[in-house]
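Annotated domain 'Transglutaminase-like' per TrEMBL: 316-418, in sequence order. Marked as active site by TrEMBL: CYS324, HIS392, ASP415. Taken from TrEMBL, the feature Ca(2+) binding site applies to ASN455, ASP457, GLU514, GLU519.
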Amino acid sequence: ENFFDNLADRFRRDHEENRRDERHLESEIEIAHAVNLSVDVSTPLKVVSVDFQPKLNAANHHCEKYKLVDIREGTPIIRRSGAFSLIVEFTKDIDLKKQHQLTFYFSFGASPNIHAGTQAMLLVSGKKLFDKNHEQWDIRLENQTGNKATVEVQVPSDAPVGVWNTTVEIRPRGTDTASGRHLLRLDTLLYILFNPWSKHDATFMEEEDKREEYVLADVGKIWQGSYPTARGRHWVFGQFDDVVLPACIIMLERSGLRPESRGDPIRVSRAITKIVNSNDDAGVVVGRWDGKYDDGTSPSGWTGSIKILEEYVRFHRPVKYGQCWVFAGVVNTVCRALGLPSRVVTNLNSAHDTNVSLTIDEYFGDDGKELDKDVAYDINAAGVNDSIWNFHVWNDVWMTRPDLPPGYGGWQAIDATPQETSDGVFQCGPASLEAVRRGQMELKYDVPFVLAEVNADVVRWKVDKEAEDGFKKLTSDKSHVGRQVLTKKIGPVDDGRIYEKDKEECTSDYKAPEGSREERVTLHAAARRSRAARHAFRFPSEAMEDVEFTIDDVERVPIGNDFSITVKAVNKSEVNRTVNIVMTAVSTYYTGAKAHDIARAEGKFILKPSETKTLSLPVTYKQYYHKLVEHALVKLVAICSVEETSFAWIGEDRFEVLKPRLKVELLSPCIAGKPLETRFSFTNPLPVTLTKCVLVVDGPGLTRPKTIPVKDVSAKGEMVYELKVYPTKEASCTLVATFNSRELFNLTGSSLVEVAPTES
């Protein structure tokens, strides 16, 4: 636990000068109390202790789940725009209304300042009611008996979030001299968080079920895969773990966000996207997409955020490795820990637009084959680094937007995955979803990038020496990008063994229905605000399209099964047409980048008038198995051209080769304080032995993250592992597990666990 002490030391720089005398005095008081004696009246008046009543205040502020509240003497954790109570003990009886003056000083950051909102000086006047508005600090005397006084402190609705320091001063009334004055700087760290329960807070969320989900739920799901077969991956956010809040404070310190700005959820959320990736400032997670993870943990190896943040705090360096869902999972943990309502969203067929054209540009040569990027660069093609990710994961956070016109508050998109820079560093958002939906490109922050992710057109260009820019526009696909935007539905986590009932589509939050007049008008209005977009949208596609091509979608291929690419060509003209077709299958990373060639076939044939022909390319398990990479994603492409008309058509399909679910079973009654027996199992679908097997188990309230080496699993054999976990108190929990081996990886599973109270 030394790293917790090290963290506390960051905020105790000014706390040592009076400690020796105070400890001596406290010893005298303790001895006097132990023998039931009273302290001599000649004892100088000093503050002995301040009880922050962490459990009582936490319960009143919806913070009782934080483990820091329960461990050691208890850490006070409260929410702004509310009040908390303190009990102050003195060396002798006091009279705060007539004889003594009690003052509290609350300070935030290295250079606290009252005018900047990072310091407060509160004089206990004896009043019984608060009389200042919600944007101001206030204090009232709740009770005074003998040598103890109970006060209640009102925290402003815009107070900076993070760790505050407290100093208490007692002195005789009517004197400004140091005579009789005692100043006690407290070691206690006071955490103040955002307050979505308060209508005065910028993060206010009115519905209780939404607060339960987007602030208090510590386990959720992140959808991965291809449209329409994406599946939910369980993720332990674990925002109440005792390592998380200290990690959040370190992150905000390292982000460079000024202390006076840490009460603004707009700036805080933007800073979080910057510090969760490691690209600019030694942030939390190192991104890697090439499949080489030997010097760290594979992105698929994490079950949640706790272990990542623990490593970050303990070793003071970025953690290897993550991809988009890992960045989003950590962001969600940090936001919820700080009280900022947040959700994880997955965009299926997500565009990465590198030149703000609102298009994903693909270039083809005279022969109809796609140009390599190097070739496209040489002929000055724009947007050659554009790509379409099978899926991309980011976060939405909930807040008001006083910096924008009315109506743009609510959900805001933020993204910590380092893709493009914003204001010179890798950060993204918050982008108002309403601004994205309306195509308001000029509104802060990063609306054009998010708009392109969910609604860009895929534009295909062909080399044409006679064209003004060297290319002519072949086709434009208006519906491929942003096929679905998914998040977890409000309510319990579903284990997903049959059908995932906890999946919610939120595409309509980002754009109007695909192909509707509203959707097209929005995109074209946005395009008028971008020079690159105007260029792409002003060219019409070629019109001579009298041969119709379609490619059959491949939706579900269990790993170990064969599949095929099927293309149908229909001649709609009254003359013969000569058709060339090239069909390929490649494995891809989830970013859309090609990994390995799997299969290829090409052919040429004559289509008679009104004739239909179907061509198929079969792909066997032996052909594709060793070519798969993470997520087992496959891209099928058919490139077709008609010689007589120069018409070219490109069709593609992306799908995920499906893997078995990891089964999680409870073998004994679940009672707080007693061991719970669990079993993890699945059947190996492959005709090869699984080696270097690792099982990772996680579950807040049940166990901290555990990494368990597992013996080899034989071909077509069953993996079974039994484990005892130890629930600590009555609660509704989720046990999450992942399995990885050299031959088969990224298997996940979970089980809901209802922990009964301890038997009396």
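Cβ coordinates are placed from backbone N, Cα and C, and glycine is handled just like the others.
Here the features listed in TrEMBL are painted onto the structure.
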| residue | record | Cβ contacts under 8 Å, 6 or more apart |
| --- | --- | --- |
| CYS324 | active site | TRP389, PHE391, HIS392, VAL393, TRP394, THR417, TYR590 |
| ASP415 | active site | THR273, PHE327, ALA328, TRP394, ASN395, CYS428, GLY429, VAL450 |
| ASN455 | Ca(2+) binding site | LEU358, VAL481, GLY482, TYR510, LYS511, GLU519, THR522, LEU523 |
| GLU514 | Ca(2+) binding site | LYS478, SER479, GLY482 |
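For the recorded Ca(2+) site, residues ASN455, ASP457, GLU514, GLU519 set the reference point as the centre of their Cβ atoms, and the other residues of that chain within 8 Å of it by Cβ are ALA456, LYS478, SER479, VAL481, GLY482, LYS511, GLY515, ARG520, LEU523. Most buried of the binding-site residues ASP457, GLU519, judged by other Cβ atoms within 10 Å, is ASP457. Neighbour density for HIS392 (active site): within 10 A of its CB lie 26 other CB atoms from the protein chains shown.
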